[in-house]
Amino acid sequence: MELLIHRLSAIFLTLAINALYLTSSQNITEEFYQSTCSAVSRGYFSALRTGWYTSVITIELSNIKETKCNGTDTKVKLIKQELDKYKNAVTELQLLMQNTPAANNRARREAPQYMNYTINTTKNLNVSISKKRKRRFLGFLLGVGSAIASGIAVSKVLHLEGEVNKIKNALLSTNKAVVSLSNGVSVLTSKVLDLKNYINNQLLPIVNQQSCRISNIETVIEFQQKNSRLLEINREFSVNAGVTTPLSTYMLTNSELLSLINDMPITNDQKKLMSSNVQIVRQQSYSIMSIIKEEVLAYVVQLPIYGVIDTPCWKLHTSPLCTTNIKEGSNICLTRTDRGWYCDNAGSVSFFPQADTCKVQSNRVFCDTMNSLTLPSEVSLCNTDIFNSKYDCKIMTSKTDISSSVITSLGAIVSCYGKTKCTASNKNRGIIKTFSNGCDYVSNKGVDTVSVGNTLYYVNKLEGKNLYVKGEPIINYYDPLVFPSDEFDASISQVNEKINQSLAFIRRSDELLHNVNTGKSTTNIMITTIIIVIIVVLLSLIAIGLLLYCKAKNTPVTLSKDQLSGINNIAFSK
């Protein structure tokens, strides 16, 4: 009957959540900016974890010694088997406790302790874990090391002498009590008596006094149900190295969780938020194995405190923006890298670059501030004016025009380039739109799927308003010859600076080339002048020579007086 009630409660809760989801999703709006190939989904509200709340859960155990269940009856065998499971679980938890980081009170960092603990635990429990699983194990432990620091601190204190008895004494007459631990921290503690009461008051009298003669199977079933919580807790702690997340219903039942939320020192709005989103709360909570002592299993439950709620949040979706008017293989691309969740927080903006770490329930965004960056409010200017002077917007560049699609809250961004075929389809009408080369956007109204090449994307079916903001793609403003490629973590100003450096280099090269050409021209002129001078000199010399020659040839012969006399004239001497 109790199981049926839980199932009906879960069904009604699911229906209520779906109704709330459909109602609130209608307030979502989405703006697509053609100039930057990006879209912003608005209408969400924050639930940001800013702290942790720790509580100690104790499960009281029974000291079961040797039993007299040696019969051959099926019910007797089942009872004996379940009792053996119970004792084995307690033994494994004791082994587990000896190797937990909290058992070592020396001042060491939690993460290395967890690694030692993981190795020791796998040896002691003879658990066969592959190398791949060990790597995943250690990665998980390193990742949660800082998140569970407060829970580890409480868990360590429980190992000090007298701490468990202090808790037991505080819980003698009540199921809940605030206990001040030795480190000065006060924690809410609670006890679970179901299993111990059933074993001591109902099961053991049958086992020890009636030699396990059980008249009906209901006794067996009831013990199995009561025992299942301890067995599952043991399994979870053993498999997950003493730290589990999310918080299962075995670690903390729904009624226990709601009761604990109600006791937390937070506002009524925060309590209402957590109570109506228990699944999200479980996903962001931890349970930490502490100690098994004095017939008490104690472990720490660490719940999130959402210190920032109801502030506006928005999600930025981005896709590659490339040129399309250049021959294939010569395009340039630009992509905004500031995609993720943004939430207003005390005058600034909390930015969550890993959007998957945030959980969305209806129009509520649950994020952990440990995964956030704090940015000035001017960061929102990048959506409307990426070249603004107040905030340097983040981008990446490349020369590879890859086609892809990004599913948004109310539609899809489609980056279609080259010879890739990109379409939007309706399940009843088939293809209803074929995208041309470039970046485009399609609303989810009447669209069920988007196809890019051989990849099929299913669009979200939320309701809301879409706005298509047209604009010249900013990639067209850049010269492919000087556009820097493969800048994976850059900004608009850095890219522009590199472009200016490239342009300056080109200008300098042109100047050098001009100077070289000018020098060559001067040399040529000088050589030509020298040649001309030489030719003129040679021609002048030749002219002078010819003139002298001609003058010498035209001069008349003059005879002396003796030559004109007859005596000396040879002609007359004969």
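Even glycines carry a Cβ here, placed using N, Cα and C.
The structure displayed is predicted, hence computed values, not measured ones.
The coiled coil annotation in Swiss-Prot covers 76-96 (among others).
Summarising the annotation, Swiss-Prot assigns coiled coil to 158-209 (among others) and lists similarity to another entry as the type of evidence. For the coiled coil (158-209), the predicted model reports an average pLDDT of 88.
Swiss-Prot lists 481-516 (among others) with the feature coiled coil, giving similarity to another entry as the kind of evidence.
The disulfide bond annotation in Swiss-Prot covers CYS313-CYS343 (among others) and is backed by similarity to another entry. CYS343 (disulfide bond): 24 other CB atoms within 10 A of its CB, across all protein chains. In the three-state DSSP scheme, CYS343 (disulfide bond) falls into the strand class.
What Swiss-Prot records for CYS322-CYS333 (among others) is disulfide bond. CYS333 (disulfide bond) falls within a strand segment according to DSSP.
The annotation disulfide bond is assigned in Swiss-Prot to CYS358-CYS367 (among others) on the grounds of similarity to another entry. Over all protein chains present, the Cβ of CYS367 (disulfide bond) has 27 other Cβ atoms lying within 10 Å.
According to Swiss-Prot, the disulfide bond annotation covers CYS382-CYS393 (among others), on the basis of similarity to another entry. CYS382 (disulfide bond) has a Cβ environment of 24 other Cβ atoms inside 10 Å.
Feature annotation from Swiss-Prot assigns disulfide bond to CYS416-CYS422 (among others). Long-range neighbours of CYS416 (disulfide bond) (same chain, six or more residues apart, CB within less than 8 Å of its CB): SER403, CYS422, PHE435, SER436, ASN437, GLY438, CYS439, ASP440, VAL452. In three-state terms derived from DSSP, CYS416 (disulfide bond) belongs to an extended strand segment.
What Swiss-Prot lists as N-linked glycosylation site is ASN27 (among others). Within 10 Å of the Cβ of ASN27 (N-linked glycosylation site) there are 14 other Cβ atoms, across all protein chains.
According to Swiss-Prot, the feature N-linked glycosylation site maps to ASN70 (among others), an assignment based on similarity to another entry.
Here Swiss-Prot flags ASN116 (among others) as N-linked glycosylation site, drawing on sequence analysis.
Positions annotated as N-linked glycosylation site by Swiss-Prot, on the basis of sequence analysis: ASN120 (among others).
The feature N-linked glycosylation site is assigned by Swiss-Prot to ASN126 (among others), with sequence analysis given as support.
Residues or ranges marked as N-linked glycosylation site in Swiss-Prot (evidence: similarity to another entry): ASN500 (among others). When secondary structure is read from DSSP and collapsed to three states, ASN500 (N-linked glycosylation site) falls in the helix class. Of all Cβ atoms in the shown protein chains, 11 besides its own fall within 10 Å of the Cβ of ASN500 (N-linked glycosylation site).
Feature annotation from Swiss-Prot assigns signal peptide to 1-25.
Here Swiss-Prot flags 551-574 as topological domain 'Cytoplasmic', drawing on similarity to another entry.
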Distance, CYS343 (disulfide bond) to CYS382 (disulfide bond) (CA atoms, angstrom): 15
Cα-Cα distance linking CYS343 (disulfide bond) and CYS367 (disulfide bond), given in Å to the nearest integer: 9
Tertiary neighbours of CYS322 (disulfide bond) (same chain, Cβ under 8 Å, six or more apart): ASN331, ILE332, CYS333, LEU334, ASP401, SER415, TYR417, GLY438, CYS439, ILE475
Coarse DSSP state, helix versus strand versus coil, of CYS382 (disulfide bond): helix
Cβ-Cβ distance under 8 Å to CYS358 (disulfide bond), same chain, at least six residues away: TRP341, PHE352, VAL365, PHE366, CYS367, ASP368
Of CYS313, CYS333 (the disulfide-bonded residues), the residue whose Cβ has the fewest other Cβ atoms within 10 Å: CYS333
